[in-house]
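Student: Feature list, courtesy of Swiss-Prot:
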- SER13, GLY14, ASN15, ILE16, SER164, ALA165, GLY166, PRO167, GLY168, THR169, ARG170, ALA171, ASN172, ASN291: NAD(+) binding site (BINDING)
- CYS133: active site, acyl-thioester intermediate (ACT_SITE)
Amino acid sequence: MATRKLKAAIIGSGNIGTDLMIKILRHGKHLEMGAMVGIDPASDGLARAARMGVATTHEGVEGLISLPNFADIDVVFDATSAGAHVKNDARLREVKPGIRMIDLTPAAIGPYCVPVVNLDDRLDALNVNMVTCGGQATIPMVAAVSRVAKVHYAEIVASISSKSAGPGTRANIDEFTETTSKAIEVIGGAAKGKAIIVLNPAEPPLIMRDTVYVLSAAANRAEVEASIEEMAAAVQQYVPGYRLKQKVQFDEIPASAPLNIPGLGKFSGLKTSVFLEVEGAAHYLPAYAGNLDIMTSAALATAERMAQAALTA
């Protein structure tokens, strides 16, 4: 007997939406594609979806609601923009109040979800926010330190290939920094978080690189390092191209020579530096676009776990 699957629609037929569609078609265990929704009739994503036998519309969320199979759609991934997501969520809830929304924009109208850190707490949420690519890569590392020692401050720098940043990413730079900074605090456990994104124009394009600086209370270095390595291995379960680029680095900040952190004041304790790289699985996007791959992989892992819980309830 075939396993029952939940039907998913994707709004946004750009880089992220198309990669996500291919992941669901190839690897969906509890999910299957129901519809691909865009606003550009000439988009490659819609053409690809049609070729793969997926229902499509270029009329946005209204087009989705008008599709004959809309009644069967259980989960909607939104890969548009922060502003569009707010409208999409409101409109879909007018028609189907209980629909599940997985938000891949920085809108964050629902609670943040970083699968390896807090997915089990989000299984009943009707709208979850996948933070940002930088957040999905770095917040697990902040949380790894946080479970060993109190984290006073965490700063992340996400460097992504300029070529992998489509119009949606570029339009949402401010939202990226705000949402990631907030999630570093809410999910990562830092008292204060800061996020910086760098679009690297290098050719040939470089894979995603992330640097995480964590200032915490004094702690056992071996315990912190073990926690970080364990967390990295957990992320690799759904993002195989995620890895520590080099050994974790530690610096003691003595009370006699404290750091001055804006908004926090003087700090002494342990500084932990983590260097990451994320290579994409190259399902649709090139391997250098690890920043987009980690978003689609995290979104799929989240929706699969939610679908599994719903189907076995």
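Cβ atoms here come from the backbone N, Cα and C positions, even for glycine.
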Student: For ASN172 (NAD(+) binding site), write down the residues of its own chain that are at least 6 apart in sequence and whose Cβ falls under 8 Å from its Cβ; none is a fine answer.
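Tutor: When sequence neighbours closer than 6 are ignored, ASN172 (NAD(+) binding site) has SER81, ALA82, THR105, PRO106 within Cβ distance under 8 Å.
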Student: Hey, of the binding-site residues listed (SER13, ASN15, SER164), which one tops the CB count within 10 A?
Tutor: SER13
Student: Could you list the residues of the same chain, at least six apart in sequence, whose Cβ is under 8 A from the Cβ of GLY168 (NAD(+) binding site)?
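Tutor: GLY168 (NAD(+) binding site) has long-range Cβ partners GLY12, GLY14, ILE16, ALA79, THR80, SER81, THR105.
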Student: Quick check for the class: what is the C-alpha distance, in angstrom and rounded, between ASN15 (NAD(+) binding site) and the residue listed as 'active site, acyl-thioester intermediate'?
Tutor: 13
